[in-house]
Amino acid sequence: MDFRSIAHRYSTLLTPNSQTLARAVHAHILTSGFRPSPYILNRLIAVYCKSSNIRYARRVFDKIPQPDIVARTTLLAAYSSAGDVKLAKQVFRATPMSMRDTVSYNAMITAYSHGRDGHAAVWLFVEMKRKGFFPDSFSFSSVLGALSMIADEEKHCKQLHCEVVKCGVGNVTSVLNSLISCYVNCASSPLVSSSLVMGSARKLFDEMHERDELSWTTMIAGYVRSDDLGAARKLLDGMTEKIACAWNAMISGYVQHGFYNAAFELFRKMHLMGIQLDEYTYTSMISAASNAGFYKCGRQVHAYILRTEAQPSEHFILSVHNSLITFYTKCGKVVQAREIFNKMPVKDLVSWNAILSGFVNARCIEEANSIFKEMPERNLLTWTVMVSGLAQNGFGEEALKLFNQMRLEGLEPCDYSYAGAIMSCAVLGSLDNGKQIHSQVVRLGHDSSLSASNALITMYARCGLVESAYTVFLTMPYVDSISWNAMIAALAQHGRGVEAIQLYEQMLKEDILPDRITFLTILSACSHAGLVKEGRHYFDSMSACYDITPGEDHYARLIDLLCRAGLFSEAKNVTDSMPFESGAPIWEALLTGCRIHGNFELGIQAAERLFELMPQHDGTYIILSNMYATLGQWDEVARVRKLMRDRGVKKEPGCSWIEVENMVHVFLVDDAVHPEVQAVYKYLEQLVHEMRKLGYVPDTKFVLHDMESEHKEHALSAHSEKLAVVYGIMKLPLGATIRIFKNLRICGDCHNAFKFISKVVGREIVVRDRKRFHHFKNGQCSCGNYW
């Protein structure tokens, strides 16, 4: 066979669709000794590039002594498509200026654009013109795409707009689409008037001779991004073509801005008009149902998908099913979400993160842990979800361990990850760890993050340093409603009700609207400080001023406030006026108030009701036992205890802990386990002796058992909070504040004892119990005995 026939044979085999034959033909060329022409080599490079075998294409390219502009541009375009800007730039810079042409410049501009380097793309376009190359429509489409990433002033768009007109491509639809996109993206810049820039985009759009799908969709999406939903809808309604992308952009806009009913209305209209529904339509509608809590509507969309999508693509399955997992978990249907997840033929990291987040948000931590361990891969979001979930559900120690493990595996935490770690310290009351993480946050520049700073407010407050929490709040570059709520809650927890109210009023002056969480915090502040008049006012203002319907939790806070003040008649009127039947939180508030004021008749009624609603809750049995013990009705105490045993209810053992030199020391009631507990008991005896000189008398009514007085006093001395405080006095430097934490409410005798201890040792003692903080100093408590 002669040379011409061989060359023809090779060129015939190397067609654009001959990827499977390329390597075989290449091998045959190498083994046969045939010297292919540049044309055949260029064809071979093109086939390799099209089949994504750029490595083989580069090998062929490197064997060519003097590759021509076709070979160079083909390889350059392949690197551009693959997003490898470095190698694309290498090929382009090695191309002699005499060999370059508009096509090679276009390929390099496109490479910069794909690599999100808008500045480099624009500068190369300028160089291209300066070197005498005439840009074509592809040049402008590429450089405008790059400019849309960086343009933050309208003049940037207008400069290239003028070039488009001067070069005679002002009627090319693809160029005009890119130019419109440039104006639309520029409209998001804080340096411009969004309406004016969108006006320029609209003028260009209206003057177009031909509009395609991209033209309509870009304009509608632009109006949506500029928060001008009215203009977007007006444009959509004036559209005669049935363009699904444009409708999807409008629906997505409604969902993003919270207009869920409008989104469903448009969805129904889209269906009636016969416009093709796709995965983007469905994901928007599922998201709308998820965010609005429209469970029935979401189920209907799901059913419609199952009925109409017989052979969905892999991309359809992934995007729609991932949205469905989020929908069902947000609606509290984790079982259904898990069923969808298990049946998915393909899963990606988004699928795993969605199901993990669902179980974390549903407080199913054991199942979430299991999913986390099963995951084939994890990213920063995975770890952050798990760390935050553990912290929010009370597993502070596990959350901190996971946070440290994440860092050991080489992942650099983001501000949300740090927020989760900080919340873990808040849960544990680990001030030293919290301070260390705070310093890391500052060093890495995350202190400007809302999530991290809000977590720091809560952490310092829950570790007893309300002033440090306030410092964080005051030094934040900007704050949101969560920041205000966190700071108000911090003041409320520490019994500083008047200051909490002042901060709330300041919040209103700064035009921050309160939400339902704000009212929970301010009502708690009033309750802890006995501010009855103020509490009534804020409760009434919820619906009257802010159109917020009080929930059971708000009513419970109001009733708690009234009962603590002894206003049982008014509390009864409130319960009778509620638009729903009294639940457990209401009866708990009544029971607590009855215990404080000795309203035994109503207290017993509340306890009996709670036995029906929460038969496994140990607190009800304990409070009722306390009340009977106060009356000296030991038979009734025994009856309640028996009822507790018969129902299998176990009293949560009281425990207290204190952090000393980065170690947490835990003490139990009547502790005999801690290695230094005997020294603690001995020192406590000495303290009690000194306290008695100042007038301290153990309050034995807080001992529930019918025993001799001296035995009751011994039982009181074994309370876990006393042991933790004494250990702190023994181990912490002279004058250091003693900070302890307890899993239950502090008992009345311990509360009284700590006032005397603070005076005897001349130290401040801070106690965080289940409900609030107590700051003991110079024989006084911050709560003013109102707790």
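Cβ atoms are placed via backbone N, Cα and C, with glycine included.
Going by TrEMBL, these are the annotated features:
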- 695-787: domain 'DYW' (DOMAIN)
- 101-135: repeat 'PPR' (REPEAT)
- 212-242: repeat 'PPR' (REPEAT)
- 243-277: repeat 'PPR' (REPEAT)
- 348-378: repeat 'PPR' (REPEAT)
- 379-413: repeat 'PPR' (REPEAT)
- 480-514: repeat 'PPR' (REPEAT)
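Long-range Cβ contacts of the repeat 'PPR' (379-413) within its own chain (Cβ-Cβ under 8 Å, at least 6 residues beyond either end) map to 349, 352-353, 356-357, 360-361, 363, 365, 368-369, 372, 419-421, 423-428, 430, 433. Remote same-chain residues near the repeat 'PPR' (480-514) are listed as 450, 453-454, 457-458, 460-462, 466, 469-470, 473, 521-522, 524-526, 528-531, 534, 538, 546, 548, 772-775, 782-784, 786-787 (criterion: CB distance under 8 Å, separation of at least six residues from the stretch ends). Residues of the same chain lying 6 or more positions beyond the ends of the repeat 'PPR' (212-242) and with a Cβ under 8 Å from any Cβ of it are 173, 176-177, 180-181, 183-184, 187-188, 194-195, 198, 201-202, 205, 249-250, 252-254, 256-257, 259, 273-276.
Per-class residue totals from DSSP over the repeat 'PPR' (243-277), listed helix then strand then coil: 26 helix, 0 strand, 9 coil. The DSSP breakdown of the repeat 'PPR' (480-514), given as helix, strand and coil counts, is 26 helix, 0 strand, 9 coil. Across the range of the repeat 'PPR' (101-135), the DSSP-based residue counts are 26 helix, 0 strand, 9 coil.
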